């Protein structure tokens with residue numbers, strides 16, 4: 001067990017939640033709905049993806065190697081801002097941090113620019129509370145495209161708005177650092193995500209504006225789609241060793257792009273576990289290693305984990321039969 005961790009042995013303590021039960025939908029039977037398309041969002045995301053693909057071409061034709069390396073470094077930092085920050089820390093309170101690490105995670109999160117932390121946390125908490133219903137912002141019962149990116153191209157379902165108003169976000173509102181990011185979202189996040197990553201290669205190693213900008217967009221789009229895969233692929237394809245009744249699956253594809261967020265069936269059963277996986281360091285769960293490093297430094301503490309006993313009991317009770325006891329576990 002990593003330093004400063006806490007083993008949670010009472011599953012029900014974390015599963016109690018008084019809320020309205022929205023009807024669970026099964027994909028082929030999801031009620032038809034006429035979505036209202038947000039034209040500007042369609043234009044914006046279309047441009048970003050086209051520009052990102054052009055940036056990929058430039059990586060192999062005219063861009064300096066340093067520009068590509070710089071984009072990769074920012075991709076890693078931005079991803080940690082999402083996975084270790086917006087997700088495991090602020091959405092689920094899976095661990096606690098001291099101010100220096102919290103500032104770092106807020107800045108890293110701004111590099112990724114997947115909306116403000118406030119909005120990200122709100123949508124994610126709705127997703128967990130009303131998973132795969134119409135109160136889930138990216139309801140996977142409406143198919144791959146909708147849960148991947150389509151939900152950002154249309155107006156929110158009325159049930160998402162209703163449920164969102166009753167969601168407890170007091171911990172986020174009370175955080176001055178997150179209020180700062182929300183208040184200055186456009187200038188602050190825009191500068192950290194796009195302006196500095198574009199100007200830095202031009203200033204320090206003479207990269208062209210065309211190359212610097214389009215590779216910045218490539219890094220941004222690659223990060224976005226990695227996160228999107230957790231909403232789409234990890235709710236459609238894969239095995240379910242912990243709870244076969246959930247749409248959430250164990251997705252190697254999503255895991256590869258998100259530093260350990262693809263163990264999604266486990267995560268939906270034990271959302272408070274800071275590892276988002278039974279062992280936390282299997283395969284490429286870099287986010288857990290990132291948190292463990294800062295726990296070793298003393299900047300992260302009270303790391304919550306589910307006990308092996310609870311995990312096994314739950315897998316045997318509700319899993320699809322694919323659960324295997326990890327080697328070395330007592």
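Note: Cβ is positioned from N, Cα and C throughout, glycine not excepted.
Residues or ranges marked as motif 'Histidine box-1' by Swiss-Prot: 87-92. If you look up Swiss-Prot, you'll see 124-128 marked as motif 'Histidine box-2', on the strength of a curator's inference. Among the features that Swiss-Prot reports, motif 'Histidine box-3' is placed at 264-268. For 37-57, 65-85, 101-121, 185-205, 216-238, the entry in Swiss-Prot reads transmembrane segment.
Ranked by number of Cβ pairs under 8 Å to the transmembrane segment (185-205), the listed stretches 37-57, 65-85, 101-121 are led by 101-121. Remote same-chain partners of the motif 'Histidine box-3' (264-268), defined as residues 6 or more beyond its termini with a Cβ less than 8 Å from a stretch Cβ, comprise 128, 131, 230, 234-235, 238-243, 246, 248-251, 254, 276-278. Note on the motif 'Histidine box-2' (124-128): its mean pLDDT in the predicted model is 96. Note on the motif 'Histidine box-1' (87-92): residues 102, 105, 117, 120-121, 124-125, 128, 172, 175, 178, 261, 271-272, 274, 276, 287, 291 of its chain, located 6 or more positions outside it, place their CB under 8 angstroms from a CB of the stretch.
Only residues 6 or more beyond the boundaries of the transmembrane segment (65-85), in the same chain, are considered here, and those with a CB under 8 A from a CB of the stretch are 59, 105-114, 117, 120, 193, 197, 200-201, 204-205, 207, 211-212, 215-216, 218-219, 222-223, 226-227, 258-261, 286-287, 290-291.
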